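Engineer: Look at TrEMBL and you will find Val13, Gln14, Gly15, Arg28, Thr92 tagged as substrate binding site. Taken from TrEMBL, the feature domain 'Radical SAM core' covers 19-247. Annotated [4Fe-4S] cluster binding site per TrEMBL: Cys32, Cys36, Cys39, in sequence order. Per TrEMBL, the feature S-adenosyl-L-methionine binding site maps to Tyr38, Cys39, Asp40, Gly94. Summarising the annotation, TrEMBL assigns Mg(2+) binding site to Thr41.
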Amino acid sequence: MSGAYLQEIFSSVQGEGPFVGCRQVFIRLAGCNWTCTYCDTPTDPAPKTWVMEKTPGCRNFMTLANPVEPVELAEMITSHYDLTLHHSVSLTGGEPLLHTQFLKKLIPGICGTRAGIFLETNGTLPDKLSSVIDWVDIVSMDVKLESSTGTKTPWDAHKRFLTVAARKKVYVKVVVSASTKEAEIEQTGKLIYSIDPEIELILQPVTARGGIVTPSVDRVLRLQERALKILQNVRVIPQTHLMMGQL
Ligand SMILES: C[S@@+](CC[C@H](N)C(=O)[O-])C[C@H]1O[C@@H](n2cnc3c(N)ncnc32)[C@H](O)[C@@H]1O
Ligand SMILES: Nc1nc2[nH]cc(C(=O)O)c2c(=O)[nH]1
Ligand code: SF4
Ligand SMILES: [Mg+2]
């Protein structure tokens, strides 16, 4: 099957990590292979419908049927959005790397932005990343700490993943909570350092959900110091789109 199940498409500003504020077209694919207690996004693998703005940036959504064919979707996006006004197209989800065959057919048709294709991923599928890395320009890779997600951290898969991602522009994002252990941050820092000490680490305080509690101001500073003992570039950046009332 060449089609894929989508959740939504919208134009907004990137709200997380070092590209905060950049205008992006977000393509949110359906389904996820991971479980994060704090997740703020539905992960139904096969929703009957998906939504797209009638007018870019106006949040007047129209409902469309799933699944969608890649070439048809590329035509819808390029006729609907002025990609030249956008920094990049953000492929997100759910977990976008569950849809690599679809992405390889979609991406050639949506390459008109200023900085290309931005992949927002949970960092758990290195072989899937290898199959599409040539089509991607920027990788936002999560490291999934057990203290926040409730699922055991896949350290080996993360290491293999970052090795592949380092072939392009990449940064690592780690959601931290009140229960994040300094040892987890240290292991994250050592993983990054072992591949490239220059790769930036973003500590993203959890937006409280699912019983996962936002870390205290003091705790965030201690965690950042722990990472700075290992890495050059460590910033604390929250989910800013929520503060701006942006999607
Ligand atoms: C919804 S996920 C989709 C992409 C991919 N599955 C991943 O986890 O990176 C996008 C980003 O939102 C973050 N996120 C989801 N829920 C959050 C929350 N409650 N607080 C902070 N960040 C959250 C994830 O950690 C991830 O960096
Ligand atoms: N504005 C905005 N920025 C984002 N960065 C990552 C997002 C995601 O859900 O993947 C996201 C999102 O949902 N909205
Ligand atoms: S990997 Fe991403 S989409 Fe999947 S549950 Fe975690 S935060 Fe949500
Ligand atoms: Mg989001």
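The backbone N, Cα and C atoms fix where each Cβ goes, glycine too.
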Engineer: Compute the C-alpha separation of Thr41 (Mg(2+) binding site) from Gly94 (S-adenosyl-L-methionine binding site), stating it in Å without decimals.
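Structural biologist: Their Cα atoms are separated by 7 Å.
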Engineer: Determine, using Cα-Cα distances only, which of these binding-site residues is closest to Cys32 ([4Fe-4S] cluster binding site): Gly15, Tyr38, Asp40, Thr92, Gly94.
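Structural biologist: For Cys32 ([4Fe-4S] cluster binding site), the spatially nearest of the binding-site residues is Gly94.
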Engineer: Using a Cβ-Cβ cut-off under 8 angstroms and a sequence gap of six or more, which residues of the chain neighbour Thr92 (substrate binding site)?
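Structural biologist: In sequence order, Phe26, Ile27, Arg28, Leu29, Glu120 meet the Cβ cut-off.
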Engineer: So, three-state DSSP: helix, strand or coil for Gly94 (S-adenosyl-L-methionine binding site)?
Structural biologist: coil
Engineer: Got a sec? Which of these binding-site residues, Gly15, Gly94, has the most Cβ atoms within 10 Å?
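Structural biologist: That would be Gly94, with the highest Cβ count within 10 Å.
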Engineer: With every protein chain in view, what's the tally of Cβ atoms within 10 Å of the Cβ of the residue listed as 'Mg(2+) binding site', excluding that atom itself?
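Structural biologist: There are 12 of them.
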Engineer: In Å, rounded, how far does the Cα of Asp40 (S-adenosyl-L-methionine binding site) sit from the Cα of Gly15 (substrate binding site)?
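Structural biologist: Cα of Asp40 (S-adenosyl-L-methionine binding site) to Cα of Gly15 (substrate binding site) measures 14 Å after rounding.
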Engineer: Kindly point out which of the binding-site residues Val13, Gln14, Gly15, Arg28 have a C-beta less than 6 Å from some atom of ligand 1.
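Structural biologist: If the test is a Cβ under 6 Å from any atom of ligand 1, the answer is none.
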Engineer: Sequence gap of 6 or more, Cβ distance under 8 Å: name the residues on the same chain that satisfy this around Cys39 ([4Fe-4S] cluster binding site), in order along the sequence.
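Structural biologist: Sequence-distant Cβ neighbours: Cys32, Arg209, Gly210.
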Engineer: Taking the residues the record says bind S-adenosyl-L-methionine (Tyr38, Cys39, Asp40, Gly94), how far apart in Å are the two Cα atoms that sit farthest from each other?
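Structural biologist: 13 Å is the greatest Cα spacing among the residues binding S-adenosyl-L-methionine.
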Engineer: Give the maximum pairwise CA distance in Å, whole number, for the residues Val13, Gln14, Gly15, Arg28, Thr92 listed as binding substrate.
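Structural biologist: Between the most distant Cα atoms of the substrate site, 15 Å.
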Engineer: Ten-angstrom check, please: count other Cβ atoms within 10 Å of the Cβ of Arg28 (substrate binding site), all chains counted.
Structural biologist: 21
Engineer: Say you check the Cα of Val13 (substrate binding site) against those of the binding-site residues Cys36, Tyr38, Gly94; which is nearest?
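Structural biologist: Nearest by Cα distance to Val13 (substrate binding site): Gly94.
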Engineer: Give me the count of other Cβ atoms within 10 A of the Cβ belonging to Gln14 (substrate binding site).
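Structural biologist: The Cβ of Gln14 (substrate binding site) has 22 Cβ neighbours within 10 Å.
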